[in-house]
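K.L.:
The following feature annotations were taken from TrEMBL:
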type     : residues                                                       : note
BINDING  : S14, H72, G148, F149, G150, G151, D181, G182, G183, G203, S204 : substrate binding site
BINDING  : H39, D41, H72, D181                                            : divalent metal cation binding site
ACT_SITE : D41                                                            : active site, proton acceptor
ACT_SITE : D181                                                           : active site, proton donor
Amino acid sequence: MTLKPNNRIFIAPSLLSADFSKLAEEVKAVEKAGADILHLDIMDGLFVPNITFGPLVISSIRPHSNLIFDTHLMIESPERYIKDFANAGADWISIHAEATKHLHRVIWKIKELDKKAGVALNPHTPLDIIKYVLEDLDFVLIMTVNPGFGGQKFIKNCLPKIRELKKIIEEKGLNTLIQVDGGINSETAPEVIKAGARILVAGSAIFGKKDYAKAIEALKPST
Ligand code: DX5
Ligand code: ZN
């Protein structure tokens, strides 16, 4: 699937809120329910106060899905593991600007492996940090909670940041997509879409519901 520069909204369920005793089934279920992308949260217990899973789990579920595998690396010095995640089956890889000293170099490490590259920004991190790499990015991930856990409350102060980024992307004539992650549900989804987000990550608002198709539909614009 290619993400064309139109106005379609893409929904990316975050596996973090799935039932880990039956991951392959969960992935197949969200794919069937109309998900576009599978969001994979990688945490190292250092950059964020939680530990999740690594490339081995990704390569295990890869044969069970045709979804885009979007790997959100919440790890210190992510440059150490880009190749491992690419080999495991990641299609998109995002790294945190706060987690590396050489952002430009890591972005290009991802691109040289023919993967889509994104930079994630914590709620307090200004957009300035990506000013000179924006042209190189396929997407920017605006965190709308502090990374580390699912089920947190959406931080409203992130909305002006999404609007500002959207404006910069338009002024520069770029196709860079804005992804949002954290506290996205049927109430916050319209707000982030209005601000300029195109890819909505949602964990608890999808895997926490019984009917995944209904939950995915509830995040999309009604028109
Ligand atoms: C948080 C993760 C998110 C998380 C979102 O650090 O990056 O992807 O799974 O969970 P919800 O949608 O429940 O806030
Ligand atoms: Zn995430």
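Glycine too: its Cβ is placed from the backbone N, Cα and C atoms.
All annotation found in TrEMBL is predicted automatically rather than curated by experts.
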K.L.:
Could you measure between D41 (divalent metal cation binding site) and S204 (substrate binding site) for me? Cα positions, answer in whole angstrom.
P.N.:
13
K.L.:
Other than its own, how many Cβ atoms are within 10 Å of the Cβ belonging to G183 (substrate binding site)?
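P.N.:
I count 23 other Cβ atoms within 10 Å of it.
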K.L.:
For a Cβ distance below 6 Å to any atom of ligand 2, name the binding-site residues from H72, G148, D181, G183, S204 that qualify, or say none.
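P.N.:
Cβ under 6 Å from ligand 2: H72, D181.
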K.L.:
Apart from S14, H72, G148, F149, G150, G151, D181, G182, G183, G203, S204, which residues in this chain have a Cβ no more than 8 Å from the mean position of the Cβ atoms of those residues at the substrate site?
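P.N.:
Near the substrate site, the remaining chain residues are L16, S17, D41, V145, P147, Q152, V201.
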K.L.:
Taking just the CA atoms, what is the gap between G183 (substrate binding site) and H39 (divalent metal cation binding site) in Å?
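P.N.:
About 14 Å separates the two Cα atoms.
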K.L.:
Given G150 (substrate binding site) and H72 (divalent metal cation binding site), what distance in Å do their CA atoms have, once rounded to a whole number?
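P.N.:
A Cα-Cα distance of 13 Å.
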K.L.:
Using DSSP reduced to three states, classify D41 (divalent metal cation binding site) as helix, strand or coil.
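P.N.:
Reduced to three states, the DSSP call for D41 (divalent metal cation binding site) is strand.
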K.L.:
For the substrate binding residues given in the record (S14, H72, G148, F149, G150, G151, D181, G182, G183, G203, S204), what is the largest pairwise C-alpha separation in angstrom?
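P.N.:
Per the listed residues, the maximum Cα distance equals 17 Å.
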K.L.:
Can you name every residue in this chain, apart from H39, D41, H72, D181, with its Cβ inside 8 Å of the center of the Cβ atoms of the recorded divalent metal cation site?
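P.N.:
Once H39, D41, H72, D181 are set aside, the remaining close residues are A12, S14, L16, L40, D70, S94, L141, V201, G203.
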K.L.:
Compile a sequence-ordered list of residues in the same chain as S204 (substrate binding site), six or more apart from it, whose Cβ lies below 8 A from its Cβ; state 'none' when nothing qualifies.
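P.N.:
Set apart from S204 (substrate binding site) by at least 6 residues yet with Cβ under 8 Å, we have S17, G150, G151, N185.
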K.L.:
Find, for the listed binding-site residues G148, G150, the residue with the lowest Cβ contact count at a 10 Å cut-off, counting only other Cβ atoms.
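P.N.:
Counting other Cβ atoms within 10 Å of each of the binding-site residues G148, G150 gives the minimum at G148.
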K.L.:
If I restrict to non-local contacts, at least six residues apart, and a C-beta distance under 8 angstroms, what lies near S14 (substrate binding site) in its own chain?
P.N.:
H39, L40, D41, G150, D181, V201, A202, G203, I206, F207
K.L.:
Rounded to an integer, what is the Cα-Cα distance in Å between G148 (substrate binding site) and H72 (divalent metal cation binding site)?
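P.N.:
Answer for this pair: 11 Å between alpha carbons.
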